[in-house]
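Some notes on the structure that comes next.
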Amino acid sequence: MADITETIPTEKSGIAASVQAGFLIVGLLLLVLAPFFFYPIFLMKLLCFALFACAFNLLLGYTGLLSFGHATFFGGAAYFTAYTVKEWGFPPELGILVGVAGATFLGVVMGFVAIRRQGIYFAMVTLSLSQMFYFFCLQAKFTEGEDGIQSVPRGHLFGFIDLNSSTNMYYFVLGVFIIGVLIIWRFINSPFGMILKSIRENESRAISLGYSVARYKLGAFVMSAALAGLAGAVKAIVFQFATLTDVTWQMSGEVILMTLLGGIGTLIGPLFGAGLVVTLENYLATSEFPVTIITGIVFMVCVLLFRRGIIGEFYASWIGRKLGFVYRR
Amino acid sequence: MTMIFGIPVQALLGQLLIGLINGSFYALLSLGLAIIFGLLRVINFAHGALYMLGAFVAYLLLAYAGIGYWPSLILAPIIVGLLGAVVERLFLRRLYDLDPLYGLLFTFGMALTIEGTFRYLYGSSGQPYATPPALAGGANLGFMFLPIYRGWVVVMSLIICVGTWLLIEKTKLGAYLRAATENTILVQAFGVNVPVLLTLTYALGAAIAAFAGVLAAPIYQVSPLMGSNIIIVVFAVVVVGGMGSIMGAIITGYLLGIAEGLTKVFYPEASNIVIFVIMAIVLLIRPAGLFGRDA
Amino acid sequence: MAVSAMPTEDKPRVVLSARGLRRDFGGFTAVRNVDLDVYDASVHALIGPNGAGKTTVFNLLTKFLQPTDGTIKLNGVDITKTPPDKVARMGLVRSFQISAVFPHLTVRDNVRVALQRPNNLATQFWRPMSALDRLNERAEQLLASVGLTKEQDQLAADLSYGRKRVLEIATTLALDPKVLLLDEPMAGMGQEDVSVVSGIIREVARSRAVLMVEHNLSVVADICAYVTVLQRGEILAEGDYATVSADPRVREAYMGTEEG
Amino acid sequence: DGASDGKVKIGILNDQSGVYADFGGKSSVEAAKMAAEDFGGKVLGVPIEIVDADHQNKPDIASNIARQWYDTQQVDAIMELTTSSVALAVQAVAKEKKKIDIVTGAATTDLTGKACSPYGFHWAYDTHALAVGTGGALVKQGGDTWFFLTADYAFGYSLEQQTSDFVKSSGGTVVGSVRHPLSTQDFSSFLLQAQSSGAKVIGLANAGLDTANAIKQAAEFGITQGGQHLAALLFTLAEVHGLGLEAAQGLTLTEGYYWNRDDESRKFGKRFFERTGKMPNMIHAGTYSAVTQYLKAVQKAGTDDTEAVAKELHSMPVDDVFGRGGTVGANGRMIHDMYLLQVKKPAESKEPWDYFNVLATIPGKEAYIDPAKSGCDLVK
Amino acid sequence: MGTLLDIRGLNAWYGESHVLHGVDMDVGEGETVTILGRNGVGKTTTLRTIVGIVRSRKGTISFAGNNMMQVPLHKAAHTGIGFVPEERGIFATLTVSENLLLPPVVAQGGMSVDEIYELFPNLYERRNSSGTKLSGGEQQMLAMARILRTGVKMLLLDEPTEGLAPVIVQRIGDVLKKLKQRGMTILLVEQNFRFASRIADRFYLMDHGQMVSEFPVGELAGRMDTLHKVLGV
Ligand SMILES: Nc1ncnc2c1ncn2[C@@H]1O[C@H](COP(=O)(O)OP(=O)(O)OP(=O)(O)O)[C@@H](O)[C@H]1O
Ligand SMILES: Nc1ncnc2c1ncn2[C@@H]1O[C@H](COP(=O)(O)OP(=O)(O)OP(=O)(O)O)[C@@H](O)[C@H]1O
Ligand SMILES: [Mg+2]
Ligand SMILES: [Mg+2]
């Protein structure tokens, strides 16, 4: 049975590496210049979702675990951050830290239960647990139910950078995004990442070599949860509210769509996927097309025809191969 | 009046019965999921949408063709089953060689599309569907007033569950199905047309879901949302039961329906999460589920 | 290690021992009443007809399956309740009946993955991959010892079946185990590979205990000091190869009347 | 000084594909267009333009669109704003950008309470008005013992809380309540508890599909035949239509508008029906009213400048098919009469959409919180 | 004795990897033919390609007048081919008798269930236990037995002795001899050529995805040198 992670590029020749470096520089430049051409709040939203998708992809693309409950970490962190910043007057950086810590905690709890099952069971278990969290948020007092925590002050970063300026806010979000991606990159290219890879390849062999597979999976799960939380926490500061939308299972589905569209197991794919989904959502809002139908169709078409996603298809395409990107199979 | 935990026994009996009725829907849906998963290795996220479709087909048949409940009980499953067959032939078939997660994602997209379409066309507040006159009214059981229709639901779901179980455990067709679950290629090499079998299986699963939908129409609002509300719970049911056995899926469905019903009496705030809590506990104690075999 | 003398005629040390081992699957008892002692610095064979329960015994000893009954001790420590990865870390390492490599890693990486844990390089998620380079030397040594030097940059998936099994042994040795459990290491191997692998096993067993399941009786005769014959989950006979193969019950149940 | 950019542009931002699509949805957009046409398509000599968007019940999408509309698309006012998380988020954006927003779709009293804005208005209804209408007025009609079926989240609690306050202050008693989770399918357990409580009125402090399912199953369990009375705290014509009279008969509810109440409302209802295929509920009519009043304010102020228009909106009386005799408080609350309605028996209904008997009219002063006590810091 | 199975220029692939490079072979009616060869030379693949399990293939395969290249997998059995895979493929969730009755009967002339139980008395004893509870040898017998009932003309057996105890290997040899007497055509893949030599009429030697030589059983003794070289025994 072909693994969901089969489309991961395994090796890159010299050209591919430099092409990738080139893309990276151009991409960075574009991101730095973007607010001069696009609406900043839109870009910030895009970056938050891109980081969320990258974090999700860390789990799916590199350990083969499909979580259907990542909204819990994204939306949960948003609540924690919004609450501490608004009610306790925390500065933004501290609020974000609280959000990440909260998401990490949720990741430990959910991961502890969920990693007991694999494959689609894992997906169903995470879905159920996140639904539980959704009901918790709905009923808990501090989330203010369907109103959400509103009017969260953006405040001053480190006490002196005024985040109410959308330029400042944008570069802060960009900074967080880049740091997040760097963390993910380091994580998957580390000794730990190597063990993750071997577990994905042959789990019982990894056990027989003495690795407590569950702990490694949990490690990856928690790391992914923490980064998803980082994305959610920043989003709460950007939009100045945290609401139920971000903890629904539809949100968990959305991040899967972003990853799938961008390319499972590619480092930058989710950025493209997130860009596409966010743009599409915005566009559909003012069009005649009903959003869910289009999203659903995109999902189906993607699974049937472009399983590798935008970046994956590019790597596997004629040009990609010419440039030296190599695929398994 | 005798009391248990401060609740009159009479009320408790009533609640047990009601739990059983809810369990009927869980059992029917998890049964379909288990059959489809067993053979196709696809977690059918669209199962809730098919259930909704069953109810809607019944509604549409009534609204546009004047076809009532009884014919719909047969027609709607057939129509939805056919639709399932088409989906299997055209799309799902292409995903069998891939990681099962793709099947999950595809059917997720399918669920969104179906649900979105009906929401677009019919709004979300739901459509009316009356109880068939022959089953209207209720019976006073002494401890509660039982609408006759609800009794009918329990009976029908039991018949379908047991019938399906017999079909799969006791017939030649069932033997093919079980064998194909283990080794599709070999069964095919023996001269069995497995592709057709796969199509039939998905169609059967879809038809059972649609049947549940028609059963539900007179009780719940016929709404595009009725499927997505129930499917996540049914997933949890399936995890608790473990998808190893058909019987397991059925029994777990009824049991959890009852567990949920009782929670509504003792601690109603938790009734929507009680199944998830049970799921978490079962996973911690018996990761393979109550009736599951370890992979 | 400075143990000079080979175990003499009097009792060598028991490293792995099982008492009263039993395992039920539903109503069916796959293994019952199995007592087993595996000695240091020797090769012990577990043979028996198909379905006798050999693989199950392996699974029980390495804790991939939990025994229904009985106790298992490794170097005197009771491991009956220990999880499998812990057992592996205690020095009891197994191979699988179906070859177990990491197919999309290179041959060298396969061995390096095994080396990571003993060298405390498994959980560092903050260090770059190049931190693993210091394992290369040891990995290459191990690969050389089994003759895989030429193939070290290939993907394991591209190796032939026999080479995969050899790689698996190299990976296992990387953990420097005290007890090695090999499930049909020569099954489906060509004759050349069979001799290579028997050579390796013999070499390995100089300083370790090896328990292996094998159908190839000439190998068993050649390298195994002790043989246990299982039948229907129970021990039918025990002893050295000559004794066991002379046992008429073993001839009837397992070897048949034909010569070797 | 006239319109700033050669047109007056109004954005209708609401749920057009999700759970609240029937509540307002595309039909609200149509109501807004009717208002613009009735105004002659022009104000201050420049064209009136209506744009709309589907916020999909996601506050971040709504907030994103609102910002873009205000900043780059020259939208002067945003209206409708179904669901409270969206309404609160957009009102915050509007306040920051010093732009007008008029909420007709959301229920929370916070919009004119602690989250009030000098440029924000709340038009059609709110939880308080619903509670007064159904809670207070029904007790006077003899429904003096209550049992609540409450959706287990903030909205449900505040409906239950406010309603039982009015029940008690009108001399009734609350004999019990049970909290059910949001999106419950099966209410029979809860209904049995309500039934055995013996209360005369079962108050449904929930919304949408939950209310519809509860009503439908109450009929199945013979609760209304047993002499108990159902009162839905947030339910409109659109949902009664979805439920059908057979199941809904006898239900009481409160709305700020009923098309078949008098000639004027019938006239508007019929026109609306011709364009949308359904009769308007209070959100549709409220949106019509909000757009009309906004245009009148622009006309009167002679400019579309926010401060000037907001000043007019606060001071002008409301007098249209929806808000007859309405006034606007300093907190932005539009205060108008509400109606206690009862769903007819199928036999009583003389034509399609003829669903309600009007049981009582609740004067606006009673229905809405006195602005001075609203907790809004704009009111001294 | 006519030719039942005729294969010319058969090529087959697993994904990108080219495994069979032009296999030519034939099997006569009632004949027992054995393919010998080392691991991984493509013996199993040859059988799987004939049946149609491996579908990326080129060349011609004709069996009893059918062009097998055109026949879909689930129709192959109906032309009279019975395949017993290397891994036996006993179904765990089915009982022994369900396993036995599973393959549809494709032609007249198959054995009756009684005859089969007579041939394999152990199976009769265990008919109600689940398939995987059988010992390896019993599983192998069951795998063969269930094909005999269907009335196929030809058996494709993939290493029926692999991993079996010597005593069971003997029994299987006896059964195959009996089948041969009844006129069954058998294509056998074996590594154990001592076993093969007891029942085969003719041998093919396979290497690198091709048949490198072919000889009748009588020439076996004279060819031991080549065999040693190719098989490495
Ligand atoms: N998980 C399981 N569930 C049920 N029965 C099992 C299970 N694992 C093994 N068995 C049964 O236990 C018996 C022993 O199996 P085991 O695999 O240990 O045999 P073995 O001696 O290794 O045989 P072989 O030489 O064929 O590998 C067999 O009858 C098998 O069917
Ligand atoms: N499913 C598969 N996918 C890719 N390659 C395969 C597959 N099955 C077999 N191969 C490869 O095809 C070649 C031929 O395999 P085949 O199984 O036909 O060999 P064989 O002669 O039957 O060997 P053995 O004696 O080990 O059974 C081998 O190199 C093998 O690695
Ligand atoms: Mg074994
Ligand atoms: Mg083979």
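Here the Cβ of each residue, glycine as well, is placed from N, Cα and C on the backbone.
According to TrEMBL, the features are:
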type: TRANSMEM; residues: B:12-37; note: transmembrane segment
type: TRANSMEM; residues: B:49-67; note: transmembrane segment
type: TRANSMEM; residues: B:73-92; note: transmembrane segment
type: TRANSMEM; residues: B:101-122; note: transmembrane segment
type: TRANSMEM; residues: B:142-168; note: transmembrane segment
type: TRANSMEM; residues: B:200-220; note: transmembrane segment
type: TRANSMEM; residues: B:232-259; note: transmembrane segment
type: TRANSMEM; residues: B:265-285; note: transmembrane segment
Ranked first among B:49-67, B:73-92, B:142-168, B:200-220, B:232-259 for CB pairs under 8 angstroms with the transmembrane segment (B:101-122): B:49-67
For the transmembrane segment (B:232-259), distant same-chain residues with Cβ under 8 A (at least six beyond the ends): 16, 19-31, 33-35, 37-38, 43, 47-48, 161, 164-165, 168-169, 274-276, 278-279, 282-283, 288-293
Candidates B:49-67, B:142-168, B:200-220, B:265-285; stretch with most C-beta pairs under 8 Å toward the transmembrane segment (B:73-92): B:200-220
Which residues, given as numbers and ranges, are at least 6 beyond the ends of the transmembrane segment (B:200-220) yet have a Cβ under 8 Å from it? 24-25, 28-29, 31-33, 35-36, 39-40, 42, 44, 47-48, 50-59, 69, 72-73, 76-85, 87-88, 92, 129-132, 135, 149-150, 153, 156-157, 160, 164, 177, 226
Go through the chain and flag residues at least 6 beyond the ends of the transmembrane segment (B:265-285) whose CB is under 8 A from any CB in it; none is fine as an answer. 5, 7, 11-12, 15, 233, 236-237, 239-240, 256, 259
